[in-house]
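Visitor: Pasting a structure below so you can have a look.
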Amino acid sequence: MRYLLNQVEIDLLKGTATTREASQDIRAKTLAVLKILIQHSDQVVTKTQLLETVWQGVVVQEQVLVQSIRELREILGADCIKTHPRIGYQLVVAPIPIQGAKVTGKWRFAMVSVVLMLIIS
């Protein structure tokens, strides 16, 4: 599934974030945090919920979650995730689902070429 968040295309299956300038991979745990924030975009997700769901019983310090949130803010923009002190985090931009297949430049050129050939003939 792909989403548009603050003009960044997030591909949850590939684990990538794409802007007009570049594409970058998202770390697996950071991607898992983002998935949860997207699923609960209209509410605050507690730190405990994120830690228990993403790290599944592995004892980790809260700093690992803070690092993932920092990475997401670098990707999406600082204002996209709101911190609720001592409680958790909330995605404050509405995730817009992107439907359909992504058309790359190479395929777009091929489709335009075929259409032009049909028009000319």
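Cβ atoms here come from the backbone N, Cα and C positions, even for glycine.
Take a look at what TrEMBL says about it:
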{"type": "DOMAIN", "residues": "1-93", "note": "domain 'OmpR/PhoB-type'"}
{"type": "DNA_BIND", "residues": "1-93", "note": "DNA-binding region"}
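Burial and contacts for the listed features, if you can.
Guide: Helix, strand and coil residue tallies for the domain 'OmpR/PhoB-type' (1-93), in that order: 38 helix, 24 strand, 31 coil [DSSP].
In the predicted model, the DNA-binding region (1-93) shows an average pLDDT of 96.
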